[in-house]
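Taken straight from Swiss-Prot:
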type: BINDING; residues: 170-177, 195-199, 217-220, 288-291, 319-321; note: GTP binding site
type: BINDING; residues: SER177, THR197; note: Mg(2+) binding site
type: DOMAIN; residues: 5-163; note: domain 'Obg'
type: DOMAIN; residues: 164-338; note: domain 'OBG-type G'
type: DOMAIN; residues: 362-440; note: domain 'OCT'
Amino acid sequence: MPTPSTFVDQTKIEVQAGKGGDGMVAFRHEKFMPNGGPAGGDGGRGGSIIFVADNGLRTLMDFRYRRKFKAEPGENGRIKAQYGKAAKDLYLKVPVGTTVYDFFTGEEIGDLVENGQELVVAKGGRGGRGNIHFATSVNTAPEIAENGEPGEFRTLRLELKVLADVGLVGFPSVGKSTLLSVVTSAKPKIAAYQFTTLKPNLGMVLLPDGRDFSMADLPGLIKGASQGVGLGIQFLRHVERTKVILHMVSMDPNNGRDAYEDYETILHELASYTEDDLSSKREIIVASQMDIPGADEKLAQFKKDLAAHGVDQEVYELSSVTHQGVDRLMSRAADLVSEVEAQEAEAAVKPKEEVKTKTYKYHRPEKMEFTVEKLADHEFEIHGEQLERLVAMTNLDHQDGIMRLARRLKKMGVDDELRAQGAVDGDDVYIGDFSFEFVQ
């Protein structure tokens, strides 16, 4: 039996790009140069996280078991003005057809629609500058270097626009939903009346040999569907996107219908669909409900009628209740899916240079905005993404770095805003993980 598997069509993940390497504070100490200038190199760029569309993947199941991804940081700068090494980017494969959204805002970040297409979803932080960049005529030996910029952190929602590889078609109550529930872990509602399946139910079929494909139980058809009767048009649009059709015909002798007429009616509706002749799709004819007494006689007549009308195809016998014929049918479906995919891949070959990398760009406000919150008497906290990034990139191990940060905060108006909120000398001020005493 195929292994049941839940079909995952959307999931939530977290991505953390790598921090840039820290800039170095260093000085030249060479013979005959006792007063050598600054020689601290820059840190390397942190690794970005990049999605790559891969048409060999069908689901987002890999992201169900691992939801957090972190790229490596860049190397720190070195002495003698040597730059730190940039970190390698982290590439994550996703199925073609994956759309990426910001989990909290719902903003669409990108849509991966071509095999090999890349999307940068979290950009690595730039390396901090070493003290070779901060020498001036006034301060020829600066003890100032920047820490590496933090890598972008994002919470993402991945959504896969599922195109079922195999579509189950046939009149209502021929056993489509039952078959889907047997070969996958999908749990469609099943009942013996028309149009039980109001929308496609999706599942993944995993075969013992490692092959897999997605399968959809589509709404049952009736005569006139191609003209919009019942759920016909919606149904046919779903069929249009499948690779293989499993055409199920009931062998229940008590349903009062002729098996070949049912088969011919469905074929006619598929062929009459105005947007495409769906009857030309690869098809497997399935004689369902073979466990019902009298089904063998009805099957024999069905085969005679097919032959009389020039249909030279094998009919696969199936009982979803007893699982008779399920393994053989699923193996044949996987064979046809592979054949169709090979044909599509050959027809869709494109020069490699046509696939471009897209980068999601976060647009920071031009003005560095911040807010001051009074936590308690003599305690204040300053909020602001860019301000917190500035503090994170400041090397606070050296007095020159601390003084440079103080000057920048004053220039931005932080001191004035703290005074306006009632701050006095000695009050504690917090910016992210950094704290200091306010001085008028």
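Note that the numbers count up from 1, one per residue, in the order the chain is shown.
The backbone N, Cα and C atoms fix where each Cβ goes, glycine too.
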Q) Including all protein chains shown, what's the count of other C-beta atoms within 10 A of the C-beta of GLY170 (GTP binding site)? A) 22
Q: Going by DSSP, give the three-state secondary structure for SER319 (GTP binding site).
A: strand
Q: Return one of helix, strand or coil for GLN289 (GTP binding site), based on DSSP.
A: coil
Q. How big is the gap, in Å, between the Cα of GLN289 (GTP binding site) and that of SER177 (Mg(2+) binding site), rounded to a whole number?
A. 12
Q. Using Cα coordinates, what distance in whole Å links SER177 (Mg(2+) binding site) and SER319 (GTP binding site)?
A. 12
